[in-house]
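Inspection log for the structure reproduced underneath, given as structure tokens.
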Amino acid sequence: MALTVDVAGPAPWGFRISGGRDFHTPIIVTKVTERGKAEAADLRPGDIIVAINGQSAENMLHAEAQSKIRQSASPLRLQLDRSQTASPGQTNGEGSLEVLATRFQGSLRTHRDSQSSQRSACFSPVSLSPRPCSPFSTPPPTSPVALSKEDMIGCSFQSLTHSPGLAAAHHLTYPGHPTSQQAGHSSPSDSAVRVLLHSPGRPSSPRFSSLDLEEDSEVFKMLQENRQGRAAPRQSSSFRLLQEALEAEERGGTPAFVPSSLSSQASLPTSRALATPPKLHTCEKCSVNISNQAVRIQEGRYRHPGCYTCADCGLNLKMRGHFWVGNELYCEKHARQRYSMPGTLNSRA
């Protein structure tokens, strides 16, 4: 439907456009501001702009059409082509991408809700008319033995693993009611879960007395994870060696050598690591073992750095050297006092 709209000015006009020759689409009104000038002139989203102020907009670029609309004098005359039914992708303030995203999210939410409802129905306690996917199914109506409503007990997988007081099976045994095996009938859910009922007078045990599960079933995997989680933690090799050494020491034996992973002896053989430490030198002046730095005077003769002094004045000879007079060490000054001739001095500078 062709029509002409006059929008009273001045700019801004209160609407947005999209398309153009560079987009290979006609120029279309995409949004109209509420209570604006364009809305007052009955401009609607989805209108195709055919001409702007009498100039054809068929070959206009998008920027060119925007410029002509912004710089137009009042009133702005637009020739429109309005369809009878609004396009589903053109709504006020909502582009086609937004509409599609909203619909896609809604469909995802609906699909997720349906899956959760199916999952809850599959794992929910047994109702009066159980679904075929439930492993806890009652005998078919054609079976000669059928349990009454009072004899039905619902039990989900969660109650099977976390509620030891509850016991469920594909056929439940009660006093006065023969089982399906006694009646000669078998159910296709024999391979699902079979749990023997606990005695009413006996307290419930955390472990089931009899449990047959398929290895690829979810309940079997859940029980395996719980059993592995309760297992004792493994000891490392170093901790085990340390524990054995402490136990040997408590028994009065010789503790085994446990090298640290950071020590230099960790990579050495055991015989070398347990070897006796090297022999320490003995100071010839104070007759004490030298545990750190030693001054070598002659072969087999050592002194502490503090004991390497003049026998007369006590001056340290480390930076000066020593002179032998008999069997004593002297500095040069006191050694010359004991000899009139310097040539007789025995210098060890």
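Counting begins at 1 with the first residue displayed.
Cβ coordinates come from backbone N, Cα and C, glycine included.
Straight from Swiss-Prot, the features:
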type	residues	note
COMPBIAS	81-94	compositional bias 'Polar residues'
COMPBIAS	178-190	compositional bias 'Polar residues'
COMPBIAS	199-210	compositional bias 'Low complexity'
DOMAIN	1-84	domain 'PDZ'
MOD_RES	SER124	phosphoserine
MOD_RES	SER127	phosphoserine
MOD_RES	SER129	phosphoserine
MOD_RES	SER134	phosphoserine
MOD_RES	SER137	phosphoserine
MOD_RES	THR142	phosphothreonine
MOD_RES	SER163	phosphoserine
MOD_RES	SER199	phosphoserine
MOD_RES	SER204	phosphoserine
MOD_RES	SER205	phosphoserine
MOD_RES	SER209	phosphoserine
MOD_RES	SER210	phosphoserine
REGION	74-147	region 'Disordered'
REGION	169-212	region 'Disordered'
DSSP says what for the domain 'PDZ' (1-84): how many helix, strand, coil residues? 16 helix, 33 strand, 35 coil
What is the pLDDT of the domain 'PDZ' (1-84) when averaged and given as a whole number? 90
